[in-house]
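Chemist: Before I ask anything, let me first share the structure, which is written out below as C-alpha cells.
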Amino acid sequence: MTVAGNNTPQAPQQGASPQRASASGHAPDTRSDIPTGTWVDRYPPKAWRPFLRLARADRPIGTWLLLWPCWWSASMAAAAHGQMPSIYLLVLFAIGALVMRGAGCTYNDVVDRDIDGEVARTATRPIAAGLVSLKEGWALLVGLSLVGLAVLVQLGFPAIWLGLISLGLVAAYPFMKRITYWPQAWLGLTFNWGALVGWAAVDHALALPALLLYLGGIAWTLGYDTIYAHQDKEDDLLIGVKSSALRLGNWTHPALVVFFLIALTFWTAAGWVAGLPAAYLIGIGAVALHFGWQILTLDIDNHQDCLTKFKANRYVGALLLAGILLAAGGA
C-alpha cells in the first residue's frame, strides 16, 4: 500500500522470471508479496492467473479490511432497532468488497506500475512484471467496477450516492504517497467509507454512530497500514516515496498506542450513542487486548513480522463485529 520515481524499469517478457533487484540494491528479490501455492496456482487456467493476482484474489486480507466497516455499520444500525442484521445485505456487502478491492488494487497497480518495479516487495506484480498489459489492466478495472456498481444499486439511493462519492477518494489514493507522509490517513478515509454506506443501506440516512465508526476506522487504518508500510521503508526512502512509517520511524510504537486508543474511543462511543447494551463492551475489550498484543510484540525492522501483524488485523474486525452481534442478540 505504500509504493514515484521517474525511471521506468525494463519489464521482463511474458514467461520470464520476474525476480529483480530492489532500489536498495538487493538482488534477486526474495520479498515478493505474491504468495505461492495458493488456489490461484492450482485451479484456474494459466491465462487467468495474472489477472486473479492483479485483483489480489489470492490475498483476501484487503477484502476483509474493506468489508468489516460495512458489516459493523449495517449490524449496528440493525441492533439499534433491536434486530439482527439482514443476511442478504451482508452478502451484498461481501460481494461488493471483493470486487471493489480487486478494482482498487488494479487501479493502484496501473498508476504505480513504474514505482512497483523499483520496490522489492512489489516488483513481481503482474503489470510491473509485464505479465498483464496496461490495456488489459484497464479492462479488468472496468469489468470489476461494473460488478461493483450492480451491487451498489441494490442498496438504495442514500447508499448509492455515498458509494459514488467514494470514487474520488479511491482515484486520489495512489498519488498521496507522492505528496504527503500520511497516505495511510487517506487510505483510512477510503477503506472505512463502508461504515457510512452500511448505515445508509439499513436506515436510508446517516446517523452519528456511523460517523463514529468511520472515524474509529480511520485511526485503526493509520495503525495497521503504518505497520504494513515498514516493509518498504528502505526502498521508499531511496526512490522518494513517502509513508507514515518513514515519518514516525522509532516513534511508531507510541504512535500506534495513540492510533489504537483513538479507534477504541470512537468505537465505544458509537455503541453508546446507538444504545447498544453492555454486551458490546465484550467486543471492545477483546479488540483492546488484540491491539496490545500487536504493539508489544511488533518488530518494525522485521518484514515478516510487520506482514504478520498487518494481516492479524482481520481478527480486529471480527472481534468488533462479534461484540455488535452479542449486543444485538441481547437487545
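FYI, residue positions are counted from 1 along the chain as it appears here.
Note: Cβ is positioned from N, Cα and C throughout, glycine not excepted.
These came from TrEMBL, pasted as-is:
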- 1-22: compositional bias 'Polar residues' (COMPBIAS)
- 1-38: region 'Disordered' (REGION)
- 87-104: transmembrane segment (TRANSMEM)
- 140-173: transmembrane segment (TRANSMEM)
- 185-202: transmembrane segment (TRANSMEM)
- 208-230: transmembrane segment (TRANSMEM)
- 251-272: transmembrane segment (TRANSMEM)
- 278-300: transmembrane segment (TRANSMEM)
- 312-330: transmembrane segment (TRANSMEM)
Chemist: Restricting to CB pairs under 8 Å, which listed stretch, 208-230, 278-300, 312-330, is in contact most with the transmembrane segment (185-202)?
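Modeler: By the under-8 Å Cβ criterion, the transmembrane segment (185-202) pairs most with 208-230.
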Chemist: Excluding the flanking five residues on each side, which residues at least 6 beyond the ends of the transmembrane segment (278-300) place their CB within less than 8 Å of a CB in that stretch?
Modeler: 223, 227, 230, 245, 250, 252-253, 256-257, 260, 263-264, 267-268, 271, 306, 309, 312-313, 315-316, 319-324, 326-327, 329-330
